[in-house]
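Visitor: Take this structure, written in structure tokens, and hold onto it; I'll ask about it next.
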Amino acid sequence: MKKSTVIVLSLAAFVLLSVMQFSAAEDIKMEVEEQRGYCAEKGIKCHNIHCCSGLTCKCKGSSCVCRK
């Protein structure tokens, strides 16, 4: 009984740490893209870069552009 509990808790901790590491990697990736200084202006496609301040990336079908 004790052995199976330890195994389950260890597995749960491993999964939790893996998820946290993946989300931290995504945050770092987004920060690097923003630090490069490139941003999409209004009406420009925003698939690979973030929109400039005050704009958000809005999609209609497969076409995504920056809008207010």
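Cβ atoms here come from the backbone N, Cα and C positions, even for glycine.
Quantities reported herein were computed from a predicted structural model and do not represent experimental measurements.
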Visitor: According to Swiss-Prot, Cys59 takes part in a disulfide bond; indicate which of Cys64, Cys66 is its partner.
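Guide: Disulfide partner per Swiss-Prot record: Cys64.
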Visitor: If you check Swiss-Prot, which of Cys52, Cys57 bonds to Cys39 via a disulphide?
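Guide: Checking Swiss-Prot, the candidate bonded to Cys39 through a disulfide is Cys52.
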Visitor: Given a separation of at least six residues and a C-beta threshold under 8 Å, show me what packs close to Cys46 (disulfide bond) in the same chain.
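Guide: Once residues fewer than 6 apart are set aside, Cys46 (disulfide bond) is near Ala40, Cys57, Cys64, Val65, Cys66.
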Visitor: Specify the secondary structure state of Cys46 (disulfide bond) as given by DSSP, simplified to three classes.
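Guide: For Cys46 (disulfide bond) - judged by DSSP and reduced to three states - the answer is coil.
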